[in-house]
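What Swiss-Prot lists as active site, acyl-ester intermediate is 60, and the listing cites similarity to another entry. If you look up Swiss-Prot, you'll see 299, 300, 301, 302, 303, 304, 305, 306, 307, 308 marked as NAD(+) binding site. According to Swiss-Prot, the transmembrane segment annotation covers 271-291, 315-340.
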């Protein structure tokens, strides 16, 4: 079905307002064409409008970029999925010595290492930030044993970023620029705040659900060491261009092969299923991509969150549709869900599941036996 720009702009504006999202950008690739929409403001304090070339923070969508760099190294023969981290990073340590000795690249890519995932540490702005971060992982424990379940692990992606540095001889930032941004023509994608100053940049907003949020106290809440798992600075169109390369099995729009077809397929081949499909909205995970099953229609993508900004990327290979939504606050997940249920339903024939919520008439449950203090490794009680 042709993309009706006026209709989708109207729905985009209405749903953004309904869900108190200050500003958003949307890019959709369908029937061989790229369509871009913008709505709202970059900063509620200044009133500067969002445009289609505005730059937002990616959050965890950055993980797919890092996974792609790793799979390029697999293509080059520098790595295998069963390569042990310790074989690339001598002296690598986490709290569990056996995990440190045996954990593999594949387990980090697929979130099946069991390593505690939310270890965050500001190791400075220098090019040594990832090396210092990995050194500091020696006391990081396990959320669960390896290969037990999907245990979402940002820590593992920082470690993968350091592996990219060691094998390329470049910083992660430079490797990303030279190996992905440049060959794909992603001219408005970057990793550092000073690079983003050249463009119209979205400010994060924070506030109570159901109210119009206010600008965050600072623009960037992540340290540089978070780059491989959480900080690529992007436009919606650039995200779609990146995902199109995966849709086309590793080939850029100009015909340049960026990734082998085999590696592109491995990234979206399920390694493990999600037990908690409500939190992730995914049915499983590959070597980088979150995987979806929309009533029998397969897809892949990733979500991201970064201090008040939220990003959503979905690919429907059967219909050749790619869509990316970037937002700067508000009830973004509800905005995404309502918009993409309509958008993918019309353009890709996808029926997304209803949002997980309590039943209209919940039955009484005695919660007394469940009361207590719960704690997970790497997190507060």
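Glycine is treated like the rest: Cβ placed from N, Cα and C.
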DSSP three-state assignment for residue 307 (NAD(+) binding site): coil
Rounded inter-Cα distance in Å - residue 305 (NAD(+) binding site), the residue listed as 'active site, acyl-ester intermediate': 6
Between the residue listed as 'active site, acyl-ester intermediate' and residue 303 (NAD(+) binding site): CA-CA distance (Å): 6
Number of Cβ atoms other than its own within 10 Å, given for the residue listed as 'active site, acyl-ester intermediate': 21
Among 299, 301, 307 [binding-site residues], residue with fewest other Cβ within 10 Å: 307
Binding-site residues listed as 303, 305, least Cβ neighbours within 10 Å: 305
Cα distance (Å, whole number) from residue 60 (active site, acyl-ester intermediate) to residue 299 (NAD(+) binding site): 18
